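*Asks:* So TrEMBL lists these for the protein:
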type: TRANSMEM; residues: 6-27; note: transmembrane segment
type: TRANSMEM; residues: 55-76; note: transmembrane segment
type: TRANSMEM; residues: 82-101; note: transmembrane segment
type: TRANSMEM; residues: 108-128; note: transmembrane segment
type: TRANSMEM; residues: 148-168; note: transmembrane segment
type: TRANSMEM; residues: 175-196; note: transmembrane segment
type: TRANSMEM; residues: 216-233; note: transmembrane segment
type: TRANSMEM; residues: 240-264; note: transmembrane segment
type: TRANSMEM; residues: 276-296; note: transmembrane segment
Amino acid sequence: MGFSKDNLTGFILALLSSGFIGASFIIKKKGLRRAAAASGVRAGMGGHAYLLEPLWWFGMITMIVGEVANFVAYAFAPAVLVTPLGALSIIVSAVLAHFILKEKLHKLGILGCVMCIAGSVIIVIHAPQERSISSIQQIVNMATQPAFLLYVGSVMVLVFILIFYFAPQYGHTNVLIFTGICSLMGSLSVMSVKALGTALKLTFEGKNQLIYLETWFFMFVVATCVITQMNYLNKALDTFNTAIVSPIYYVLFTTLTIVASIIMFKDWDGQSAGSIISEICGFIVVLSGTILLHVTKDFERSSSFRGNAGNYTPLSPTLSTRLCSGNGESLKHDVEEGPSSEEYLQIGYFQVHPRCCDNLLKLLASGNFCSCWKTIKLTF
């Protein structure tokens, strides 16, 4: 299917958005490094010297430009086209990090980049055309159709259950809790962003939509969803490894956003079965490439840390016991029938029993520990 003018505009804006956002990560990281070198205190250790670093602010401005471009892209092209293209920002970031920050891009990471590009091309070729919308009332009619109301109701019920029941109990041990909340709210935020963006587009074309209460309602929904989304995304990133959170969040968020768009805007109406299958295949390829990129990024970091050590070396029973007791007194436990290696915490080159954590934290003044009883990595 040929590209319409609106689809082409949305596609170009989505590409620019990915470029700006991907580059912003590298620019901000360079700014953070420069600020840390000047002040001697890293941002991760509580330093705020980066706020006085022009390079960091340039990176922040670059990110804002990218987000604005992404916002406008939704006003011109369907979410089925725009959302998956967000994966290209990961490619930009990975490639620039390889050349500028000297962070080695693994061979499988290169394969992941190629897969993202190939999947994006497939999606672009078979993307549906943007539907013609003439007023905010038309969008309200789409948003109040029974199928979409059922989707919204299901999302709200799931979010409330996750926030008030599962999050307090399992939020810090199961990565799907926080990322699930982000993704569910994110799908609603994208639908509201598209509605608001379309209203602003019509306003700039001379059809003022700001006089309608519905436009401001969508603006309120956008603010509410984005604040909730960012809150729980920060919790997920603070609790779990970024290499785990990022691909899971991308998969859930993109999938739910596409489903919501298909229900509300009926993106697949009028498309052939072949085009729909091709879009799904392209989407799966992009998801696979994204996951591969993140997995190999974490693998490369772990490999460089371990060096040639191969396997981790468990602490001797004597040292492990003393760490657990804190004062050097022996604990009464059977060393020969101790827990399996899966139940030890990974601390650098060593494995330490979970009961050692409290006293080990007293011995090590700084470090990042994930609050779970399984394998935990400490990055020095």
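Including glycine, each Cβ sits where the backbone N, Cα and C put it.
Remember, TrEMBL labels are computer predictions, not curated facts.
In the displayed structure, how are the listed features positioned relative to their neighbours?
*Replies:* Long-range contacts of the transmembrane segment (6-27) within its own chain (CB-CB distance under 8 A, at least 6 residues past either end) are made by residues 55-56, 58-60, 62-63, 65-67, 69-70, 72-78, 81-82, 85-93, 96-97, 100-101, 124, 127, 129-130.
Below 8 angstroms of C-beta separation, residues 10-11, 14-15, 17-19, 21-23, 25-26, 29-30, 66, 70, 73-74, 109, 113, 116-117, 119-120, 123-124, 190, 250, 253-254, 257-258, 261, 282-283, 286-287, 289-290, 293-294, 297 of the same chain, each at least six residues beyond the ends of the transmembrane segment (82-101), sit close to that stretch.
Listed as Cβ neighbours of the transmembrane segment (108-128) (distance under 8 Å, sequence separation of 6 or more from its ends, same chain) are residues 1, 7, 11, 77-78, 80-81, 84-85, 87-88, 90-91, 94-95, 267-268, 270-271, 275-276, 278-279, 281-293, 295-297, 299-300.
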*Asks:* Under 8 Å for C-beta pairs, could you tell me which stretch among 55-76, 148-168, 175-196, 216-233, 240-264 has the largest tally with the transmembrane segment (276-296)?
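*Replies:* Answer, by Cβ pair count: 240-264.
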*Asks:* Go through 148-168, 175-196, 216-233, 240-264 and flag the stretch with the largest number of C-beta pairs under 8 Å relative to the transmembrane segment (55-76).
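*Replies:* By Cβ pairs under 8 Å, 175-196 leads among 148-168, 175-196, 216-233, 240-264.
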